[in-house]
């Protein structure tokens, strides 16, 4: 039995390796930017910070990322890293590095990704998210039940060698660990967290700690009957949020309700565990959920009884789903199949040739195939449209942007230019 499993693993490794070679060979045609960086330890979490700096006279901009570590028994850290991304006009396909499968003029740009701040953390960082109203404040999910809050301006850039973790706040309320974490973009300091203990906790950190650094949950929502995988505030309504769980349900909650045990809406969303959700930043009624049933579902809050659409192409569980911050119809999803799919809602139902249909449905805009292990998290860059950072379980972090001709299908207006000066 064991030898059969070993054989299967070897075959899978060979397939992954072959697929990666093909991907690497094709990157100049598929991307305007690819940076591959091996982290010292894998990160389970990634999020771009909102700041960008464009140094005068330089051919790049500086961006920042929040990462974490997942070590094998060594000290863990919350990490803020600085990234140099070349300006659009610097993307030069002739700079392609076939060995690394990288290009974008990066051979010449040294020190493109550097760790700026490392803060001691209790166990691995399951997830880290910054507070929109003050991006220096970062909340983290730990292997314990506590949620930690750090103001990274109050910590030295190099961690204390003792390994002591010294968060600015410790949020109590859960009995077990989890992953889901969401700051309210309309109410400063309001944080939601999802947990394996079947609950969602809400804290208001602006109220400050009662004693020491401990803040107790303001409310605990108990509607789910299994592990709650993810939670997200609505982006426009300050009192609405959604949660998804292993009970296969999507629940919509209103914090103004006088009950915390019953959601406003509960939907059987998928045929397996629901792992993630994301509200559309442009359309107040639209949200998406991702599931172990390998699909992403599209929902309208005005009629949750009816699933608007099911996106099908992933070969395994989906763990992340995020709408683009720049395009109302663009959505991306990733997970266990090592692929990050970018979808375009505006293409749903378009006619396809039989050949194109073999590659996936018309709404599947792009498949990022650069990872050779499960993707743990990804983040859309808020300042550079179409730039995504994705991290996988094998320590690899990739910062990439698909080729413009893939998402910009308008034909270049050559005819008009040719006609200029020809009279009418």
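Numbering starts at 1 and runs along the chain as it is shown here.
Placement of Cβ uses the backbone N, Cα and C atoms for every residue, glycine included.
Keep in mind it's a predicted model, so treat the numbers as computed, not measured.
Quick look at what Swiss-Prot lists:
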- 359-404: region 'Interaction with HAT1' (REGION)
- 47-121: repeat 'WD 1' (REPEAT)
- 127-172: repeat 'WD 2' (REPEAT)
- 180-216: repeat 'WD 3' (REPEAT)
- 227-268: repeat 'WD 4' (REPEAT)
- 274-311: repeat 'WD 5' (REPEAT)
- 317-368: repeat 'WD 6' (REPEAT)
- 375-402: repeat 'WD 7' (REPEAT)
Counting by DSSP secondary structure, give me helix, strand and coil numbers for the repeat 'WD 5' (274-311).
0 helix, 21 strand, 17 coil
In the same chain, which residue numbers or ranges, 6 or more beyond the ends of the repeat 'WD 4' (227-268), come under 8 angstroms Cβ to Cβ?
178-187, 190, 192-196, 198-200, 202, 219-221, 274-281, 284, 287, 289, 291, 299, 301, 304-305
Secondary structure composition of the repeat 'WD 2' (127-172) [DSSP: H/G/I, E/B, coil]:
3 helix, 22 strand, 21 coil
